[in-house]
Amino acid sequence: MKFIVKPHPEIFVKSESVRKRFTKILERNIRTILQRRTESVAVFNRRDHIEVTSESDKYFKETLEVLTQTPGIHHSLEVQQSEFKDLHNIYEQVLERSGALIEGKTFSVRAKRRGKHDFTSIELERYVGGGLNQAVESAKVKLKNPDITVKVEVENDKLNQVIERHKGLGGFPLGTQEDLLSLISGGFDSGVSSYLHIKRGSKVHYCFFNLGGPAHEIGVKQVSHYLWDKYGSSAKVKFISIDFEPVVAEILENVEDGQMGVVLKRMFMRAGGMVAERFGIEALVTGEALGQVSSQTLTNLRHIDNVTDTLILRPLINWDKEDIIDLSRKIGTEDFAKVMPEYCGVISKKPTVKAKKGKLEAEEAKFNFEVLEQVIENARIMDIRDIEKESQEQAPEVEQVQAVAEHAVVLDIRSPDEEDESPLEIDGVEIKHIPFFKLSTQFGDLDQSKEYLLYCDRGVMSRLQALYLQEQGFHNVKVYRP
């Protein structure tokens with residue numbers, strides 16, 4: 001088994017010292033991943049290409065996966081290598097391997113040569129091509145757009161016949177650019193934006209603001225680990241989880257409805273900037289796209305950016321949602337994003353699309369910033385490699401009911417605004433109103449001899465809150481889905 005790995009062309013327009021550094025990093029990245037996934041596969045840096053070889057094909061599939069999923073590789077040539085005696089011997093070997101392939105088709109021969117020989121690359125192409133044309137009567141030479149291109153490479157006394165060309169990711173080798181912190185939610189956008197910066201050579205760490213309990217966190221850990229394992233596993237990166245429910249509760253209690261969305265995003269950026277500074281990370285990356293939601297207008301994005309000195313990168317800023325979903329499908333994150341929970345949480349009824357600086361600052365003056373500082377202090381930090389076992393877990397299920405049993409109590413956990421807009425009324429049933437952001441502190445004060453059915457509009461937040469309560473030892477909770 002042998003592959004000739006061609007680095008991305010952008011690497012070769014750089015200075016000699018930078019080119020050497022980039023290709024050395026690429027060589028190291030390939031070797032690091034292959035050593036973890038295979039045995040007895042060697043990696044050699046040959047100045048303008050990298051060779052990956054093994055005496056057997058045992059790890060062919062694993063090796064090919066690594067070469068097509070590692071940033072910095074333009075393409076990899078799968079080759080059959082042999083020794084040759086002279087020009088005619090090259091022709092004989094090419095005829096043996098490619099003669100049957102060109103029968104009844106048009107073809108051309110393309111050759112590359114390294115080392116000292118008594119023939120040029122063009123002479124090699126003409127000799128082999130002419131010989132094939134005479135030996136295979138049904139084949140015809142066609143130099144432009146042929147059915148088959150027979151590719152050969154000669155290096156000193158070795159002949160490499162190209163079996164197949166495998167497209168790589170492109171971009172720069174991982175670690176050639178500075179580290180980034182992805183504010184990942186597990187949806188389509190944040191997964192794609194993280195991938196784009198991995199591809200461009202940055203080690204991407206992941207910061208997750210948890211608004212929905214353990215089920216959401218498990219899902220986001222899974223997609224983060226997937227991105228790292230498939231495209232960036234040559235690097236050690238961190239996964240940081242921050243329980244943002246106290247921040248949401250503070251916003252819902254103190255901030256005017258129309259400003260909630262922008263204020264929440266400003267809190268995300270403040271927190272992200274503080275985490276980035278703690279770990280010496282230069283920039284944040286988000287999946288925001290211009291105009292996709294009310295907080296993503298130019299005016300609102302400017303106000304969001306102003307709360308931190310950390311650079312904020314938005315690689316999807318001018319992308320259509322359809323294009324984002326298409327790329328997520330291609331890179332394998334679509335299935336994660338499709339099942340990622342959505343929330344009944346901080347949704348302004350009339351969100352501002354053009355926030356005013358003075359108004360935002362006045363609303364944030366009501367916010368207790370000690371809450372934000374505390375959740376950052378309590379952030380859970382882990383090596384993403386430790387997620388592997390957890391990534392196999394599935395969020396536990398909680399029982400859902402359509403009818404209310406006798407003596408059961410329905411807990412409406414929607415925000416006060418949602419409750420006012422669409423009151424829940426059920427004849428003969430006791431209904432209590434406890435917003436989800438107060439449930440963890442107030443549920444223990446209820447009569448625990450009763451059964452409680454949690455309700456919200458979509459049934460997602462109620463399920464997540466029920467799971468959380470069960471984790472705390474309360475087993476008298478179910479989800480009400482009429």
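Note: Cβ is positioned from N, Cα and C throughout, glycine not excepted.
The domain 'THUMP' annotation in Swiss-Prot covers 61-165, and the record cites sequence analysis as its basis. If you take every residue in the domain 'THUMP' (61-165) and average the pLDDT, you get 95.
What Swiss-Prot lists as ATP binding site is Leu183, Ile184, Lys265, Gly287, Gln296, and the listing cites sequence analysis. Within the same chain, residues at least 6 positions away in sequence whose Cβ sits under 8 Å from that of Ile184 (ATP binding site) are Ser190, Gly191, Ser194, Tyr206, Cys207, Phe208, Val220, Val223, Ser224. DSSP assigns Ile184 (ATP binding site) to coil, not to a helix or a strand.
The disulfide bond annotation in Swiss-Prot covers Cys344-Cys456.
Here Swiss-Prot flags 404-482 as domain 'Rhodanese', drawing on sequence analysis.
Under the three-state DSSP scheme, Cys456 (disulfide bond) falls in the coil class. Sequence annotations record features per position, and here Swiss-Prot assigns active site, cysteine persulfide intermediate to Cys456 based on sequence analysis.
In this structure, the CA atom of Gly287 (ATP binding site) is 27 Å away from the CA atom of Cys456 (disulfide bond). Every protein chain considered, the tally of other Cβ atoms within 10 Å of the Cβ of Cys456 (disulfide bond) stands at 26. Taking Cβ-Cβ distances under 8 Å and a sequence gap of 6 or more within the same chain, the neighbours of Gln296 (ATP binding site) are Glu288, Ala289, Leu290.
Across the domain 'THUMP' (61-165), the DSSP tally of helix, strand and coil residues reads 39 helix, 38 strand, 28 coil. Over all protein chains present, the Cβ of Leu183 (ATP binding site) has 24 other Cβ atoms lying within 10 Å.
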